[in-house]
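Q: Have a look at this one.
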Amino acid sequence: MQQIFMPLNSATRRLPVWAVYLLGVLPFVWLVVQLFTGQLGVDPVKAIEHALGLYGLYFLVGGLAITPARKFLGLNLIKYRRAIGVLSFFYVATHLAVWLVLDIQLRWGEIWDDILKRPYITIGMLSFLALLPLALTSNNASVRKLGSQAWRNLHKLTYVAVPLGAVHYIMIVKGWQIEPLLWLGAILVLLFLRRFR
Amino acid sequence: GAAHAKGQYAVEGIDEVNSLEDITSYNNFYEFGTGKGDPAQYAHALTTDPWTVKIDGLVDNPGDYDLADILANVDIEERIYRFRCVEAWSMVIPWNGFELRQLLERAGVQSSAKYVAFETLVRPEEMHGQRSPILDWPYREGLRLDEAMNPLTLMATGLYGEDLPNQNGAPLRLVVPWKYGFKSIKSIVRITLTDTQPETSWNMQNPREYGFYSNVNPEVSHPRWSQASERKIGGFFASRQDTLMFNGYGEYVADMYADMDLSAEF
């Protein structure tokens, strides 16, 4: 199995990290293009809000997959993990910003009520708050300042934030739809795989 | 006429009428799928001619009424109403239609009748959404008799002066502007006068979230979201506005609920 990924590993060694950032913002650019060419329907705000949330989830799951991919497949993408994490936060943060500014339109009374009283929003906010310190410490200076053990412990918050994001997705759709449940299932599998050395 | 009707039922905040594209491409009509764009994509499969409406129950003149016969005996007019969805968005829609009471009077409502029940067509070969059990088909709705006889309660047959597009509930749908949109049942094939409160689809599916009355009420939250405000559909900078009690139609309808606790009977 590990041999299959050997050529891929040497190929990725040549792909610079900045290229991953560049590729990672393409979905965002595509949304903006669709917006300005009127391809998002009559309610573009909802379309953007949902798309950004989904992209955030995809990158979070991608970040979570890197360690098991190395352990079980021999695929080494570790040098892109920070980029993937930062990109996931970019999408989650813009998703939240679209909700605050374009959807609920800074009606703080209603925002506060929603955060306290609507479980899916409460859970979404908890997920965001768990990701915030990780985004803020995604730089070498923070690793040095915290020490690598403390930094690594802090970043175990992803194990909480990512499943919460999937639960937020499950709760917002009508009824029990299969896709968000599959995402939560995949996340739980990726977390479970960490138990094996 | 149109001008008369507009003046008669003027409400706050109805400035810009939504475009035909807004109204015909963003629909909840689960008979054609659960996505907002599904009805526009699939509703063309529905045959709307011939069309008959069965009127039965506590009426003097029960029977199958042909659509053309119904339309020949009512006054069609334009009504510009705000349409407030339970999902907290709204549109302003220029309907064409007639007052439901005209049809009910023709059918001869008996004095023992207290409610009106409505049913949508069941035809899974043309309405593919009906092949999955998202709701217990047929779609059912109901009104108390006084609500049904209120002059605001419209049977819509058109939009912008044209025949009603299939995705909007052709050829005949209810429009009850002070209630959440799901009360305004589409593609009606049966109207039953009854003395007991009829079963209604969303109430059957989730009674905690959807009441029989479902009057627009900014003070009663949906369990999963607030109803205090709504986004007016229409582009990227669609504004959010305060939701008004009875969707702004209180002066015409509030009397009917004077003795009720609207947070309990929501």
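Glycine is no exception: its Cβ is also placed from the backbone N, Cα and C atoms.
Residues or ranges marked as transmembrane segment by TrEMBL: A:15-33, A:53-73, A:85-106, A:118-136, A:157-174, A:180-196. Summarising the annotation, TrEMBL assigns domain 'Ferric oxidoreductase' to A:66-165.
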Q: Going by DSSP assignments with H, G and I as helix and E and B as strand, what are the residue counts for the domain 'Ferric oxidoreductase' (A:66-165)?
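A: Looking at the domain 'Ferric oxidoreductase' (A:66-165) with DSSP, the answer is 87 helix, 0 strand, 13 coil.
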Q: Check the transmembrane segment (A:53-73) against the transmembrane segment (A:180-196) for contact, please; criterion is three or more CB pairs under 8 Å, pairs 6 or more apart in sequence.
A: yes
Q: Going along the chain, which residues at least six beyond the ends of the transmembrane segment (A:15-33) come within the CB cut-off of under 8 Å?
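A: Long-range Cβ neighbours of the transmembrane segment (A:15-33): 40, 48, 51-52, 55, 59, 79-80, 82-84, 86-87, 90-91, 94.
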Q: Taking all residues of the domain 'Ferric oxidoreductase' (A:66-165) together, what is their mean pLDDT?
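A: The average pLDDT of the model in the domain 'Ferric oxidoreductase' (A:66-165) works out to 95.
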Q: Output the single range from A:85-106, A:157-174, A:180-196 maximising the number of Cβ pairs under 8 Å to the transmembrane segment (A:118-136).
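A: Answer is A:157-174, with the largest number of Cβ pairs below 8 Å.
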Q: Other than its close neighbours in sequence, what residues sit by the transmembrane segment (A:180-196), given a CB gap under 8 Å and a spacing of at least six beyond its ends?
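A: For the transmembrane segment (A:180-196), the far contacts come to 57, 61, 64-65, 67-68, 71-72, 159, 162-163, 166-167, 169-170, 173.
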